[in-house]
Each structure stands twice: as C-alpha cells, then as structure tokens.
Amino acid sequence: MTDAPAVVPPRSRWAWNPFRLARRLPDAGFAYFLLLPAFIFLALFTVKPLIGSLISSTQKRNGDGFTLGNYERLATDEVFLRALGNNLLFSLITVPVSLGLAMLLAVLLHQNVRGRGFLRAGVFAPAILPMVAVAVIWMYFYQPNIGVINSILGAIGLPTPDWLGDPSLVLPSLMVMMIWKEAGFFMLFYLAGLQGIDPELEEASRLEGTGKFRHFWKVSFPLLMPTTLFAAIVALSDSIKMVDFVFVMTQGGPDNASNLLLFYIYKVAFAQHWPQFAAAISLVVVAVLVALALIQIKLMDRKIHYR
Amino acid sequence: MSSPIRKKLLATAGAALAFTVALTGCSTAAPAAPADEEVSIEFYYPDQVGTLGTLIDGYLKEFAAEHPKIKVKGVYSGDYDQTLTAVNTAIDGGKAPALAIMDQTFVLDLVERKAISSWDDYLKDDESKKWLDGFYPQFMKNSIDGDGHVWGVPFARSTIVQYWNKDFFTKAGLDPEHGPATRSELLDSARATQEKGGAKYGLFIPTSTGTAYWLYQALVQQAGGDGAISNADGTKVTLDTPENVKALEFWASLGAEGIAPSTEVAWSTSTDDFLAGQTAMLWTTSGRMGTIQDKASFDWGVSALPKDVAAGAPTGGGSLMLFQEGVSDKQREAAVTLAKFLTTPERAADVSVKSGYIATSDAAWNDPAMVAHVKKFPQAIAAHDAVADAIPEMATVDRDRVVYQTLAPALQSVLLNGADAKEALSKAQAEITKILAEHK
C-alpha cells in the first residue's frame, strides 16, 4: 500500500482496485464514494449509539427483559421533573437574553467607535474561555464572604446574599454567568451578519431621513433573521448541553435547585449505574430538543428574508 | 467532475489510508509479551485531600523494588465518585482493576452487582488473620456484611471532629485549651464567641449535598438515636423517630438563631471560612487537620465532638477492594500482596502523619514515626480519641439515590428552606423505603 495507489496500474491485474473503479463512476456515485468515510463515522458514532440507547431504554435495570417502566417512571420521578423545570426556565431566560444582548452589542460595536477592536475582543473573551474555567472564576465572584460581588455590595452597605447557597438564588446566579459567556459568542455571528448587509441600505435610510432606531428595526433586524434563527438553535442546544459549571459550582444543589437535565442523566448513568433509565431520559431530552428546533424553524422561517 | 481532480483526490485518500495502516501496524507490534512468571495488575487510587497521590506513588515504587515479579500499573482516578465511575466503566468494558481504593460505603452496591470478591479466601492463614484483626473494629464495620464476609480493608480513614479558634475563645473569656464537651457548653461557647469574642458566626456544620447525611448521622447519634441510620445489609433505614427529628431541628436552629448562616454552609469552603476567622468553631473531617495545621494564622484546638444524650460520629474514608471482572486468580493474589504491603502499620502511620487520615490500628499508633508526630503535634491524638465512639457510615444499596438524591435534599429543605423536620423526614423515609423495596 505504501507505493502511491491508482496512478497508472496495469489494467488487467488491478481491475478490482476500488480507486480505479471510482474513477469510472458517474459524478453522483463518485460524490457518495467520497462521502463514504463520513457516513461510516456517522453510523458508528451517532446512529449506532442512538439505536443502542433506544434498546437499552426498554430494558430493566439488571439488563434483561422488555419494559416500558423507565418511561413510566419519568412521570413520577421528582428529581427528573425538577431538573426539567429548572432546565426549561434556564433555557427560556438565557437564550432570548443572550441573543438580545448579543445583537445590541453587535450593533453598538459595528459602528465606528474609538477602540472598537479592543472592545470587540473584550466582549468576545468569555466565549474563548473553557466552561470549567468560567465556572471556577464565577465561583469566586459569588463566594459569600470574600467574593468580589459581595465585597462590593458590602462596601456600599447593601445585603450580601449567599448566591450559590440559597436555593432561590442559585439558578438565577447561574443564568447570569451563562448569559455573560454566551452573549459575546453570538455577538460575533451578529457582527458578521451586519457586515453582510449592503451599506447602501444605510445610506438610503440616511438620505431619506430615517432614524437610527427605525433603520435597525425595519432594515437590519429583519435582515439579521437568518443569523438569529441559527444562533437561537445553537443557544438552545448549548443551554441544555453545557452543564460543566454544575459539576464545578453546585453539584445540582442546594435542594436540587440547580439540577439540570444533563447533569441528572450523568448522575443516573454513572453514579447510580443505571444506564437504562439514563437512556430513557436522554431520548426524551433529544425528542424535546428536536421538537423545539422544529418549532423555531417553522415560526421564524416565515419572518426570514433570505437574499 | 474532471479526471485530474479525481486523480488528485484519490491519490490523497490512498496516501491517508496507507498512513493509517502503517500506524496501526506499529501500534500492534509494540507491546512485548510478559515473561511467564510475571503478573501485571491495575490499581486505581483516588485522592480526596491532595497529599495521598504522591504518597501512593512512592509506595508503589517501594513495592516494585520488593516484588519485581508483580508489575503494578497505578492509575490515579480522581475523587471517590470519579473512581466509582471509572471502575464501573472498566467493569462494563470487561476489564476491572484487580485492586482499587473505594469509598467504604460503595460495598453494598458492588456486592449486589457481584463486582467485587470477598477477602475471605485470602484470610485463612494465621498471619493474614492477625493482619485483619489488627484494624480497629470501628473501621471494619462498613466492610463486613451480616454473614461475616469481608469485602474491604481500611486504607485512608477519617471521622468528624470539632476545630475551634483559640483567639475567639480567649477574647470571649472561655478556656481556649478545652473545646466544648457537652451540647450546652457548645451552644454557650458559640454565643459567647459571637457576643464577646467578635466572631461573625459561632459554629459551622456543613450542609452541602455530598456530606449533609454524614454530619446528620453524628447529630442523630448524639440525640440518642441510631446514628448509623441504615442496617448492616443496607436494606432498611430509620429516619422517622423522635430522635431523628430532634437532631434535624437542632441543626436548623443554628441557622435560625444566627449561630450559623441560614444558607448553605459549603463543605468545600467551610475550612477556608474557619481559617479566615468567619466562625469560631467548625465540624468537619479529621482529614482536614493537615490543611488547618499548614494554613492557620491563629492558635486552634481540635477534639472529638461534644456529647448530648450520647456521644459519637460516623467514620468515613476508603477501603481496598478486590474486583472480579476480567481478573485472574493469579492477579487477585498479587493484588492481595499489594494490599498487605500498603496497610502495614508503618505505612498506615506514614499515611496518617503526612495526610491527616487516622492511623488504622494500635500497631500504627505505636509506630515510632507516629509517636514522634504526636509528641511534636499533640492535636493529632484527638482523632484517635474520636475513634472510640465512632459509628458506621450510613450505607445502603442504591446508595446514590438514597443518600444524595433523597436524603440530602430532604435535610436541605429543612435547613435552608424552613420545611418542617418531621414531615420532611417522614417523606424521605417513605421514598427511601420504596427505592430499597426495588432491591428485594
């Protein structure tokens, strides 16, 4: 195999050579031939595990027999319902707020302001940090006695709550951190989107005497819709799949107030060694995610101006 | 598509394929077959305190010199929970480590899944019996089941002790050399340090998810209840007695009266809070003694927990366990040899001196290195005293669901959200009974 294959091998001896055969394929067939390695990996690492989960989710805890008990259990499992509720709240708040903030920052930093490059880099910085690093940093921000936030609040005489130790504050505290991390990331997409908009449109608005806000609302915002759709789907899946900070900061506590779906799945699968039930939860989460993405696409597709 | 482009694409693909084949060829050729009489085993060890990993690395080097025929592959596996995950994955993959240090409370789940072997077969000769009998019985309770089978050998052990800040005690006019010995002294000292000593809080008892049950066990024992909470087989728990309720109500009263914060007292940062002078007293593991010794900028004391109706605190820590999946008899014998090597009195004393874990036998406490350590550092004896009244750590089958998923939130709902103690415990009792019933 080490001598370069398929350059000009003798016809009769190498007739079976797949590379030779490939050269004679029609274009569509050749395209599939090139996609073959990708398909193999997709089948091996996505399709096969998915089917495996499906089968596993219908088995009992000791691994044999067919049962739908794992799915029935979901309806009554308090921790699952709590994690589901937490996660819905987490997604419903962090996704729109991150995107709104990202759009606002993008519009501001699209203009010619002094130190624009520096500001853009500053806003984008959180997005480059690994989630675990972000979590460790914010854990010290939130530390009740020596943390940055409480030091400032204490200095100006305001109450200093225990951000991660109070069941009613822990989820909002985590949302703030998530928004901080995500907004900079999506700002980058909006900046690219804004740069793709024809500057003549802004010129026209200026000549017509349209206000800046009106121009944004009637021209930029609709033209950014494809970006928004893409960003919304990515943000939604991020809000469900990025749970590293739960491991670092709260372990889902106190009193399950910060338990999120993926963290719970990890707990069930590994700490409780119950992969069958974990598979059932995973499949439900995947189904919900797909459904939400479809709804997003359907709803927003109507309002999108593709060029 | 034009022919030249196809040619180029195909040539690249061919080269990539050839490269992959060449690489695979190299990697399969690499491992040399071990000589006949040699045996190689894997050993997983966690490190909860940051000092154990280096110690074990050193022991493994000594072991290699003493037993050249046994090749030990030591694998550092994170904390106890990560070690359980790693071992579970290895079992599912058909190749468990021959020996691992596991949290002592994992025994019941591992036995139920037939993942570990009992030590019985290796404890038949007198020397081995003597070795096992040497360990303090308090440290063996979580490792022996109702039928007398031995599943674990104590390695790094701890219990809960109280630490106090002598500066606050002196300022409050209390005796700085003696910590509170009874419940009423405890409360008086806490209030005095806050009112006269200038401490922000009087007493921290950590309420985090991972350890709340452990501290709660001590409070139940002191209230006169059964601090073990679970039975020896781990099939039954008792949470709804008046003593259980009393213990939880006392704990919640600390937050309500301002002796402790009414929000979560985090296990991981409570030692830092004590070191920063946030609280006059702290209940935590004896394993933190080394950290406090290194970092405290003030004089401090340590002793066994004060008694109320009764005295006592649960043990904690790791045991050496033998695994089954994919382990041959010969490998298991090698693992037993390694376990005996790691638990000699000299090494138990060394672990204790260097990490703060409690030496596991009288022989270890009488080891010259340990005696010298206690002379230089008299506080270390507090852990030894605490062992006398030690009770087993709460352990059940399906432990994660019972302890972390059900009991911990129930305790926290009372401590942090002001729920009624009796109701919360009855509800937890019912839920846990249901979970345990699935295992009969």
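Just so you know, glycine gets a Cβ as well, placed from its N, Cα and C.
Curation does not apply to TrEMBL; its annotations are automatic.
Remember, predicted model here, so these are calculated numbers, not experimental data.
The domain 'ABC transmembrane type-1' feature in TrEMBL is assigned to A:84-296.
Residues or ranges marked as transmembrane segment by TrEMBL: A:30-51 (among others). Remote same-chain residues near the transmembrane segment (A:30-51) are listed as 22 (criterion: CB distance under 8 Å, separation of at least six residues from the stretch ends).
Annotation source TrEMBL lists transmembrane segment at A:88-109 (among others).
Positions annotated as transmembrane segment by TrEMBL: A:121-141 (among others). Long-range contacts of the transmembrane segment (A:121-141) within the same chain: residues 105, 109, 147-149, 164, 177, 180-185, 187-188, 242, 244-245, 247-249, each at least 6 residues beyond the stretch ends and with a Cβ under 8 Å from a Cβ of the stretch.
Residues or ranges marked as transmembrane segment in TrEMBL: A:169-194 (among others). Tertiary neighbourhood of the transmembrane segment (A:169-194): same-chain residues 86, 89-90, 93-94, 97-99, 101-103, 105-107, 109-110, 120, 123-127, 129, 131, 134-135, 138, 142, 161-163, 220, 223-224, 226-227, 230-231, 234-235, 238-239, 242, 245-246, 249-250, 253-254, 257-258, selected by CB-CB distance under 8 Å and a gap of 6+ residues from either end.
The transmembrane segment annotation in TrEMBL covers A:215-236 (among others). Same-chain residues lying 6 or more positions outside the transmembrane segment (A:215-236) and placing a CB less than 8 Å from one of its CB atoms are 91, 94-95, 98-99, 102-103, 107, 182, 186, 189-190, 192-194, 197, 201-202, 205, 289, 292-293, 296-297, 300-301, 303-307.
According to TrEMBL, the transmembrane segment annotation covers A:277-297 (among others). Beyond the ends of the transmembrane segment (A:277-297), by six or more residues, the same chain brings 53-54, 56-57, 61, 70-71, 73-74, 80, 229, 232-233, 236-237, 240, 261-262, 264-266, 268-269 to within a C-beta distance below 8 angstroms of the stretch.
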By a Cβ-Cβ criterion of under 8 Å, what residues six or more beyond either terminus of the transmembrane segment (A:88-109) are in contact with it? 116, 119-120, 123, 171, 174-175, 178-179, 182-187, 189-191, 193-194, 216, 220-221, 224, 228, 231-232, 235-236, 239-240, 260
